[in-house]
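*Asks:* Next up is a structure, given as structure tokens.
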């Protein structure tokens, strides 16, 4: 049990500085070593995902046809990049937090406001909302393109609806959600968990909203993309040009299915833990790894199923390799001279 003694001092050897700490005993810090191991793994996955998403956004933005054609994929990519960076920062924070607790036998006393203004939590909040919203619009876009092709061609594709309205509405939804979160944190400021999660900062109600948003958006996108895929597949039997739509929907559908399995399932477990019964760490912790993996896997989906993306990626790497070879040759010639 935590001993309620506030030391009002900081650990001079720690980079995580808190003005209030409370003394704890070994029963509280028991298991912190396992949590450190978990966060080391998650942070490593987050770092890999950050690199992959940085490469992906370079590929998207450096090629004009991709910038105009894959607006929603770019929006999803931005969400994945933000989420990946948040995972890295969260992991580093937690590793330092648990390591300091083991070393000093103290834990910080935090309020919901103090938690809410943590940079890693703000980034995590943006990613948690932007990713499922982007995935949802991807499913909607494919369904509209197949069911209402004329409307899509003349009113959506290449128009402001796709370039400005949908991204604008998505970002506005993210902004409004964050405003609500901060309103809850500041108006109901209270002592909360020392590790500062979303529920700790913004309350269980807002945590439930995040879980439901992820579950609903991903499942809905999967349903829409599945319906569009089978409709396009059926039409392709009599309309050969529809095969291109089938190929596009294929990787949209795979992204939706992966999001449902790797994100919605862990969020369902989190909801179960919140309202029904706590789940074993051996199940809940790997579930969070699944969400991290999902943020870094889309590059490989495009590489496997999008021929144009694959060709562009290989061409970029070939250009970089050729440039390196050219520089190397020039360097060798200079040495000879």
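Numbering starts at 1 and runs along the chain as displayed.
Any Cβ shown, glycine's included, is placed from N, Cα and C.
Automatic prediction, not curation, is the source of TrEMBL annotations.
Predicted, not measured: the structure shown is a model, and the values here were computed from it.
Quick paste from TrEMBL:
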TRANSMEM  40-63  transmembrane segment
DOMAIN    52-302  domain 'G-protein coupled receptors family 1 profile'
TRANSMEM  70-89  transmembrane segment
TRANSMEM  129-152  transmembrane segment
TRANSMEM  164-186  transmembrane segment
TRANSMEM  206-230  transmembrane segment
TRANSMEM  251-276  transmembrane segment
TRANSMEM  288-305  transmembrane segment
*Asks:* Look over the recorded stretches 70-89, 164-186, 251-276 and say which has the most C-beta pairs under 8 A to the transmembrane segment (40-63).
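*Replies:* Answer is 70-89, with the largest number of Cβ pairs below 8 Å.
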*Asks:* Under a Cβ pair cut-off of under 8 Å, which of the recorded stretches 70-89, 129-152, 164-186, 206-230 contacts the transmembrane segment (288-305) most often?
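*Replies:* Top-ranked stretch among 70-89, 129-152, 164-186, 206-230: 70-89.
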*Asks:* Can you see whether the transmembrane segment (70-89) and the transmembrane segment (206-230) are touching - at least 3 CB pairs under 8 angstroms, only pairs 6 or more apart in sequence?
*Replies:* no
*Asks:* Which value does the mean pLDDT take for the domain 'G-protein coupled receptors family 1 profile' (52-302) in this predicted structure?
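*Replies:* Here the predicted model's pLDDT, averaged over the domain 'G-protein coupled receptors family 1 profile' (52-302), is 92.
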